[in-house]
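The structure appears right after this line, and notes come after that.
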Amino acid sequence: MASEPVNVNEFQELARQALPKMYYDFFTGGAEDQHTLKENVAAFRRIMLRPRVLIDVNRIDMSTTILGYKISAPVMIAPTAMHQLAHPEGEVATARAAAACNTIMILSNMSTSTVEEVASSCNAVRFFQLYVLKRRDISAQIVHRVEKNGYKAIVLTVDTPRLGRREADIKNRMVAPQLRNFEGLLSTEVHTDKGSNLEALVKGMYDTSLSWEDIGWLKSITNLPILIKGVLTHENARKAVEVGVAGIVVSNHGARQLDYAPATISVLEEVVHAVGGRVPVLFDGGVRRGTDVFKALALGAQAVLVGRPVVYGLAVNGERGVRRVIEMLKDEFELTMALSGCPSVKDITRSHVTTEFDKPRSML
């Protein structure tokens, strides 16, 4: 490595150099024109900070609590698929990094390490992200394994009845590896001459009939709290609370599903207002700086999820790379808190940011 990266964004170019083109394109790409992919990051730049001065910031406390579990900072690891494409140790390395940083990792249903391997790799709080399959019995078996192995919550992804059109994967004829959580239950080997094997795999596996009524089914087979990931509107946020979820993740799936869906930071406040404090709201999409973490919290998120940067760190330097990415975001977030006059996360308020939708403030 010619020089150590000094911010999270610099890991992306290093990951591009480290990974085969097919895998780099898989991790970095979005849907269709990739408009939403760009907007997820760009929308943060249109939010300005309103710092307070002459406040004692000698001690900064970044810690927060998610579903009763204390973490060192409101920065969690988002569920992303197939980490062994980025590094041989895959999700096990990511899990160890999360534990070292005292934060929560959400393991992907489409992981290349098993639920059991990740659970036994280190002692930490972790959640599990679930896709409901056409074979509901297999989904139920996986949920039971998750519960047995000490995972603390289910994060149900609800924005993927079908896979978004990811044109880089189609051009590259993306080949999905064996997905270990399904071994002995379901074959995940797919061969197609019509583009992405991953698209064909999802088409054969995922339950396109999944609806709000099925939240009740999921609650009936587990005692774990259920969060839903993929909410972008106040209508869906209210419905989620009505059906009894334990939390909501504002997410557009890293802009990999529906292009021209809104940037998640632009709709976060809409969801927060609809929920009205009844359940925690987590945020996913476009976080690249500690200032982004601060902005999301100011707009009502309890914590942010970080996806692609974690994978880039993994590709560059395994567990150490993931730790460095999380540490960079935490360090920047701590500095932002200090310079904004916020000694603790509870001190971060809506008045600390201004968005493009805010009315101009009157001037004295």
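Every residue gets a Cβ built from N, Cα and C, even glycine.
Please treat TrEMBL annotations as automatic predictions, because they have not gone through curation.
Bear in mind that the values here come from a model prediction, so they are computed numbers and not experimental data.
TrEMBL lists His253 with the feature active site, proton acceptor.
Among the features that TrEMBL reports, FMN binding site is placed at 79-81, Ser108, Gln129, Thr157, Lys229, Ser251, 284-288, 307-308.
Sequence annotations record features per position, and here TrEMBL assigns glyoxylate binding site to Tyr131, Arg166, His253, Arg256. If you take the C-beta of His253 (active site, proton acceptor) and look for same-chain residues 6 or more apart in sequence within under 8 angstroms, you find Thr157, Asp159, Thr160, Gly164, Gly230.
The predicted model assigns the domain 'FMN hydroxy acid dehydrogenase' (1-358) a mean pLDDT of 95. The domain 'FMN hydroxy acid dehydrogenase' annotation in TrEMBL covers 1-358.
Counting in whole angstrom, Arg288 (FMN binding site) lies 17 from Arg256 (glyoxylate binding site) by their C-alpha atoms. Calculated from their C-alpha atoms, the gap between Asp284 (FMN binding site) and Tyr131 (glyoxylate binding site) amounts to 17 Å.
The maximal spread of the glyoxylate binding site, taken as the longest Cα to Cα distance among Tyr131, Arg166, His253, Arg256, is 19 Å. Checking the binding-site residues (Tyr131, Arg166, Arg256) against Pro79 (FMN binding site) with a 10 Å Cα-Cα cut-off leaves nothing.
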